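Encoded as structure tokens, the structure appears first; notes follow it.
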Amino acid sequence: LPLGLGSCFSFQAGVTVLGYYFVKWRTLANAMASTGVSLGFTLWPLLSQHLLDEMGWRNTFLIFGGILLNCCVCGAIMRPIQLASGSLLQPPKPGEEPRGRAEEAQLSNGASSPHPKLQQRSRRTACFQVLQKYLAFDIFCQNKGYQIYTIGVTWMMMGFALPHVYLVPYAIQNGVEERRAALLISIIGFINIFIRPLTGLLSGQRAFTGRRIYLFSLAALLCGLSNFICIISAEFNVLIIYCVILSIAMSGIGALTFQVLMDVVEMDRFSSALGLFTILESITLLIGPPLTGLLVDITSDFRYVFYNSSFFLISAALFMGLSFCTLEKKSKLKEASKVPLDNPTRYQYNETSAEPQHESQSPPVVMYITSV
């Protein structure tokens with residue numbers, strides 16, 4: 001539990017800070033930051049197996065704990081964000097507390113309302129406002145792009161982690177040596193180290209601005225289709241080809257997951273939007289492997305793992321791609337219909353009299369036609 005809480009706090013802060021520190025190279029920065037996950041995928045199976053054989057599980061956990069303590073160093077390096085006005089992001093002074101906090105304090109002391117029903121209603125309203133502010137329920141209800149993306153990624157996570165969990169047992173069941181089977185996960189992580197920065201550099205180009213969601217959907221689609229390679233054959237050479245294709249698709253997903261979220265949500269609400277986003281995807285990420293394991297126990301066939309993974313990944317990719325395409329078309333139609341209404345005189349000409357002017361009359365007024 002403490003390990004999970006610490007990882008969540010460091011992860012949330014790290015991803016949010018990246019969005020504030022970088023603007024032009026934000027996509028590349030996200031890809032470079034996620035490369036550490038790929039490095040862990042590469043070294044973790046080999047290093048953990050060696051340490052367990054040589055030093056036992058207690059000393060192995062001590063070493064891994066020392067490695068994770070480097071997060072404290074990274075957190076100490078982070079500094080407050082410098083705003084355009086030159087002021088730093090600071091909490092409000094004690095004398096400048098918002099009215100909402102004062103009301104919450106009165107509610108907690110029980111002195112805000114003499115009626116219990118009114119007091120209970122006020123507490124419910126305060127709780128709802130806190131949830132709305134810090135878990136972005138208002139963004140989820142109002143922002144269609146955030147709603148589609150969150151639902152799509154949450155559904156995708158049901159099958160995203162299945163190959164990583166069951167690839168090694170599937171290879172061992174089909175006659176691959178245990179150490180060679182563990183090497184497959186390292187191959188996935190090793191290729192991710194180099195492909196993720198390239199993916200971030202490519203998607204950061206101006207041509208992909210506003211279209212990164214389609215790259216993300218394409219990567220999820222390729223990830224789902226690659227699972228059919230394992231269904232065809234379970235030989236070691238075929239599994240290596242599968243790991244190469246899967247790692248390329250995973251690089252796109254890993255490099256673009258949070259960048260697409262930054263494109264969909266404004267940065268001032270990104271932290272709370274990321275909180276709701278990670279909670280929902282973590283629930284399905286936790287549910288997916290046990291349910292698939294139950295299916296494997298019933299059928300004694302590991303191929304259902306890859307069928308399930310392909311189903312969730314392909315359906316999520318099609319849902320996100322088609323939904324965003326429809327949403328983009330609707331927004332273009334709305335903009336096109338609003339153009340004449342916003343400025344009704346935009347396409348009107350100013351008419352002047354063509355009759356000759358008498359000498360006694362005053363000279364004509366100069367008219368400036370500013371729009372045609």
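Each Cβ is built from the backbone N, Cα and C atoms, and glycine gets one as well.
Here TrEMBL flags 94-104 as compositional bias 'Basic and acidic residues'. Per TrEMBL, the feature compositional bias 'Polar residues' maps to 345-363. The domain 'Major facilitator superfamily (MFS) profile' annotation in TrEMBL covers 1-333. Feature annotation from TrEMBL assigns region 'Disordered' to 89-120, 344-363. Among the features that TrEMBL reports, transmembrane segment is placed at 28-47, 59-78, 148-169, 181-201, 213-233, 239-261, 273-292, 304-327.
Within the chain, the transmembrane segment (28-47) has long-range Cβ neighbours (under 8 A, six or more residues past its boundaries) at 14-15, 18, 21-22, 182-183, 185-186, 188-193, 196-197, 199-201, 203-204, 251, 254-259. With a cut-off of 8 Å on Cβ pairs spaced 6 or more residues apart, the transmembrane segment (239-261) and the transmembrane segment (181-201) reach 3 or more such pairs and are scored as touching. If one looks beyond the transmembrane segment (213-233) by at least 6 residues along the same chain, the residues whose Cβ comes under 8 Å of a Cβ in the stretch are 149, 156, 159-160, 163, 167, 170, 203, 239, 241-242, 245-246, 248-253, 256-257, 260, 263-264, 303, 306-307, 309-314, 316-318, 320-321, 324-325. Of the recorded ranges 59-78, 148-169, 181-201, the transmembrane segment (304-327) has the largest number of C-beta contacts under 8 angstroms with 148-169. Summed and averaged per residue, pLDDT over the domain 'Major facilitator superfamily (MFS) profile' (1-333) gives 79.
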